[in-house]
Number of protein chains: 2
Amino acid sequence: MTRPAVVLLSGGLDSATCLAMARRDGFAPYAMSFDYGQRHNAELAAARRVAQALGAVEHRVVKIDLAAFGGSALTDANIAVPESGVEADVIPVTYVPARNTILLSYALAWAEVLGGHDIYIGVNAVDYSGYPDCRPEYISAFQTMARLATKVGVEGASITVHTPLIRLTKAEIIQAGIALGVDYGLTVTCYQASETGEACGKCDACRLRAAGFAQAGVPDPTPYRAA
Amino acid sequence: MTRPAVVLLSGGLDSATCLAMARRDGFAPYAMSFDYGQRHNAELAAARRVAQALGAVEHRVVKIDLAAFGGSALTDANIAVPESGVEADVIPVTYVPARNTILLSYALAWAEVLGGHDIYIGVNAVDYSGYPDCRPEYISAFQTMARLATKVGVEGASITVHTPLIRLTKAEIIQAGIALGVDYGLTVTCYQASETGEACGKCDACRLRAAGFAQAGVPDPTPYRAA
């Protein structure tokens with residue numbers, strides 16, 4: 001029987017690549033997305049398209065309530081989304097408190113119910129160096145905690161949080177995904193995409209993504225809206 | 001300024017005691033409860049009463065979707081709640097996969113937004129020895145992970161998960177709580193309490209609680225329903 005792996009799937013470029021990699025690694029991928037009070041739903045629509053296109057065994061969307069805490073431009077309507085670039089060594093205002101910890105905890109719960117020991121998350125320590133919960137030492141500490149937290153861990157299994165993108169540049173991620181048949185036209189990265197998935201072309205996420213396609217030497221399939 | 005601490009508050013005996021202890025320790029307590037598809041709401045009503053009675057600065061109820069995973073008698077209507085006692089060295093069917101990890105992750109997010117470094121959770125390694133996520137080594141691993149996960153941790157602060165009940169018997173918890181003025185008549189422990197908070201007197205939780213009052217030599221204030 002193919003072993004299950006829970007893949008965190010946002011609908012963006014990185015997590016779509018991760019899903020394709022989980023399949024390549026021989027896992028039966030179970031995709032998990034979160035409805036956490038995003039400002040738009042284009043992201044979740046993209047996650048559904050990607051899960052289907054890349055053959056997820058199942059796709060679950062879990063409603064969570066990050067917006068209740070505020071504290072991030074992505075969930076708090078009172079903080080503006082920056083368009084001015086990422087400053088080095090500063091934690092960006094788009095950082096959501098404890099976000100990856102919450103998402104990985106849900107993935108861990110589903111993995112345990114499925115009898116699985118594997119989770120994929122598309123964190124990247126190159127482009128998102130300012131986010132504490134995208135660093136390898138954080139992922140490693142989560143694995144240690146996860147093994148102690150769970151029935152499968154107590155019974156002797158390791159829990160592995162796979163982070164195949166962690167050291168890749170955006171261009172390398174795109175090249176790897178294209179080799180695995182990922183259709184990036186299905187993905188949405190923009191922090192302020194329209195309901196139908198058109199990107200603004202201005203926010204940090206759009207700029208990183210566009211630069212990635214340019215550096216990869218691959219045509220950018222992103223639908224941009226008129227200025 | 002009094003430092004904030006997030007206190008996980010279920011509405012049961014243990015977490016009410018924890019809230020009183022957070023105040024005793026000099027923290028401004030912020031109580032956090034979860035609406036996770038419990039079979040009844042008596043527990044959340046109890047949490048509201050306890051938060052108010054013990055002077056929580058704020059009480060938030062976060063909706064979470066544990067029931068989507070199934071896998072536990074507490075959230076899955078297809079698994080019967082046991083009435084036959086806890087077997088030693090066996091993980092009980094009332095174990096919810098990754099439950100404390102998910103709850104602590106939310107507490108961590110709120111602590112970070114509040115600028116706090118402290119979380120209280122009423123886990124107990126004596127009565128709940130079968131739950132992997134009630135053990136000291138799990139809590140310690142969560143703290144390590146939490147420090148790496150967060151802005152406050154990266155800036156140099158430790159995150160402390162306080163578990164003042166972890167080595168106490170139920171009778172000792174009750175004695176400590178009474179000394180701090182906890183009114184246990186406000187709390188609900190029963191897995192299948194009525195809407196108004198009357199306990200069944202038969203489930204594992206009821207039996208552990210009743211034995212605690214007996215051993216503490218304290219009258220049991222629990223409202224039991226007629227058989």
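Any Cβ shown, glycine's included, is placed from N, Cα and C.
Whatever TrEMBL says is automated annotation, not expert-curated.
Record features (TrEMBL):
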BINDING   B:L9, B:S10, B:G11, B:G12, B:L13, B:D14, B:S15, B:A16, B:T17, B:C18, B:L19  ATP binding site
BINDING   B:C190, B:C200, B:C203, B:C206  Zn(2+) binding site
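Classification of B:L9 (ATP binding site) by DSSP places it in coil, neither helical nor stranded. Note on proximity: among B:C200, B:C203, B:C206, the binding-site residues of the record, the Cα nearest B:S15 (ATP binding site) is that of B:C206. Ranked by how many other Cβ atoms sit within 10 Å of their Cβ, the binding-site residues B:L9, B:L19, B:C200, B:C203 place B:C200 at the bottom. If you count neighbouring Cβ atoms within 10 Å for each of the binding-site residues B:L13, B:C206, the highest count belongs to B:L13. Summary: among the binding-site residues (B:S15, B:T17), the fewest other C-beta atoms within 10 A of the C-beta are counted at B:S15.
Within 8 A of the CB centroid of the Zn(2+) site residues B:C190, B:C200, B:C203, B:C206, the other residues of that chain are B:T189, B:Y191, B:Q192, B:A193, B:A199, B:G201, B:K202, B:D204, B:A205, B:R207. Excluding B:L9, B:S10, B:G11, B:G12, B:L13, B:D14, B:S15, B:A16, B:T17, B:C18, B:L19, which define the ATP site, the same chain contributes B:A47, B:V50, B:G122, B:T187 within 8 Å (Cβ to the Cβ centroid), listed in sequence order. The Cβ of B:G11 (ATP binding site) lies under 8 Å from the Cβ of B:S33, B:A42, B:E43, B:L44, B:A45, B:A46, B:A47, B:R48, B:R49, B:V50, B:T187, B:V188, each of which sits 6+ residues away along the same chain. Cα distances from B:L9 (ATP binding site) to the binding-site residues B:C190, B:C200, B:C206 are smallest for B:C190.
DSSP gives B:T17 (ATP binding site) a helix state.
B:T17 (ATP binding site) and B:C200 (Zn(2+) binding site) are 22 Å apart (CA-CA, integer value). The two recorded residues B:C206 (Zn(2+) binding site) and B:L13 (ATP binding site) have their Cα atoms spaced 11 Å from each other.
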